[in-house]
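**Student:** Questions regarding the structure given below will be posed in turn.
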Amino acid sequence: MEAAPCAVSRPPSSGAVVHWQRPKRSVRVSASASSCSQQTVTLLDYGAGNVRSLRNAIRHLGFHITDVHKPEDIMTADRLVFPGVGAFGAAMQVLNQTGLGEALRMYIDKDKPFLGICLGLQLLFDSSEENGPVKGLGVIPGTVGRFDSTQGLIVPHIGWNALQPVKDSGILHGIEGHHVYFVHSYRALPSEDNKDWISSLCYYGESFVSSVSRGNVNAVQFHPEKSGAVGLSILQNFLRQSSSSSLKTLVPGKASKLAKRVIACLDVRANDKGDLVVTKGDQYDVRETTGDNEVRNLGKPVELASQYYKGGADEVSFLNITGFRDFPLGDLPMLQVLRSASENVFVPLTVGGGIRDFTDANGRYYSSLEVASEYFRSGADKVSIGSDAVFAAEEYLLTGVKSGKTSIEQISRVYGNQAVVVSIDPRRVFIKSPDEVKFKSVKLNKPGPNGEEYAWYQCTVKGGREGRPIGAYELAKAVEQLGAGEILLNCIDCDGQGEGYDIELIKLVSDAVTIPVIASSGAGAVEHFSEVFQRTNASAALAAGIFHRNEVPIQSVKQHLLDRGVEVRMLPMEKTQSNQPEMAPRGAAAVV
């Protein structure tokens, strides 16, 4: 007789990192629990950030999930995964107040299968300097500190970096030479006291601890659920580590350092029939210039996101260009896009459009933190803030005071600045002399229409429809101080033109800040990607139209960059075909 299915509880719905509560529903254990336990993973999800992607990855590999409701659930787990998300202090507050911290220590002391991810690794150390010092779980000797950006190091450390294994670790079997995805501002350093724990190091300005392993206890600083096929192999190795024959082996790669990222961007909006489509504009105009002047329809967002993931995109960015106007949390189609995309896309997902404070028609006030939290819980790893960031920067530059109430400050305080991207949409304003304006200007390689030798970049809001009295340089500096962790730098003049990125603009901004800058707008050929990486400090390059129209495959861009000496992440191959095949995700939602 077929065994009854394992009962799997739902994740907590709250997005607030410091308000972990027991879900009302209890875990039901069927009569076949003993057989189910072999395929069940216990997840410690305390309600912070995007844990949906990890859930999807675990289910993708054929495992069920049960959630921790109380400390006793940790002690009865057969294998435990702790995806720490958010700030060190806030996480320890939850663990201490609920008794989960002591249960975690006891579980680890028993040498039972444990996997900590990102903050889940950092919390194992004695303490952290993040908003601290704050005392950690004290399992591993050492203090977690911030990367040193005083010498020009870009912080947060965001992107695909290489690992340097220092001892044999079952879960890292066969991944040497491949990139994995990091996103963090704090790190633990190797020392004599913790060297017996370290299984791999990573170099970013200095060598830091990228993974630890002792007995059945493992933890990683990177995100395996966001590291594509390599990350899935790491998760599978942990979940099946009792059988060495099931370990995945990948063909050796050539990763050696932090890779430059190639990002696929999907502008999403409803067309005139009400269908949600991916579109693309020319200087922000998304309507066809012939026929019925309809919105350009270049495909369905979830299908294209999956296609770009399989094609080697390092990240996928969704920009909702029409939603959120009156009721951001009522934009259910976009939430469903995130939920569905995260079922099959195991690289970082960013969503932008309308991340702001608002009051609905009934007078109910919603903070930008509440809005962002819902998108994190729906599958987003980062949120992109546009117009609201401009207004926040203007106020900050006027008063010199951080109010703590801006969307940038609210979200970065809870989720970390690596979760906040500011999207800047400037247009070039030609001038004859830098003395004409109070904003930072650049000397042009090619004169303007009336022979102007200089230009400044005026920031805009409302989708480029309204100019503001602030330059791109000034805005970038201000939002970095407010807590932004990354800048998406567009250019209205170059958008949809296919003539290359605005190198002068990107160099201006990427030289001015110590956070990563994503170059956007204008890519029309593979050479444009190598140009922006070789001539500026951009950490990533984003494109849309050339990918949507199948003009240039992502892998062609990657191969071109490799040929030009630019390190990029290439798709891995399995060494043998004897491993268990990937399983279709359970309960996958219909494509939107």
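Our numbering is plain: 1 for the first residue shown, then up by one each step along the chain.
Just so it is clear, glycine is given a Cβ too, placed from its N, Cα and C backbone atoms.
All annotation found in TrEMBL is predicted automatically rather than curated by experts.
Sequence annotations record features per position, and here TrEMBL assigns domain 'Glutamine amidotransferase' to 43-240. Annotation comment: TrEMBL describes Cys118 as L-glutamine binding site. The active site, for GATase activity feature in TrEMBL is assigned to Cys118, His223, Glu225. The active site annotation in TrEMBL covers Asp267, Asp425. Residues annotated as substrate binding site in TrEMBL: Gly354, Asn490.
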**Student:** What residues, ordered by sequence, lie under 8 A Cβ-to-Cβ from Asp425 (active site) and sit at least six positions away in the same chain?
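**Tutor:** Result: Gly386, Cys459, Thr460, Val461, Gly463, Gly464, Asn490, Ile492.
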**Student:** Within the domain 'Glutamine amidotransferase' (43-240), what mean pLDDT does the predicted structure show?
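**Tutor:** Here the predicted model's pLDDT, averaged over the domain 'Glutamine amidotransferase' (43-240), is 94.
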**Student:** Counting all other Cβ atoms within 10 Å across every protein chain shown, which of the active-site residues Glu225, Asp267 scores highest?
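**Tutor:** Result of the Cβ crowding comparison: Glu225.
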**Student:** Sequence gap of 6 or more, Cβ distance under 8 Å: name the residues on the same chain that satisfy this around His223 (active site, for GATase activity), in order along the sequence.
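**Tutor:** Long-range Cβ contacts: Ile117, Cys118, Val180, Tyr181, Phe182, Val183, Gly231.
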**Student:** Fill in the CA-CA distance, Gly354 (substrate binding site) to Glu225 (active site, for GATase activity), as an integer in Å.
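**Tutor:** Each residue's Cα considered, Gly354 (substrate binding site) and Glu225 (active site, for GATase activity) end up 27 Å apart.
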**Student:** Return only the integer: C-alpha distance in Å from Glu225 (active site, for GATase activity) to Asp267 (active site).
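**Tutor:** Here the two Cα atoms lie 24 Å apart.
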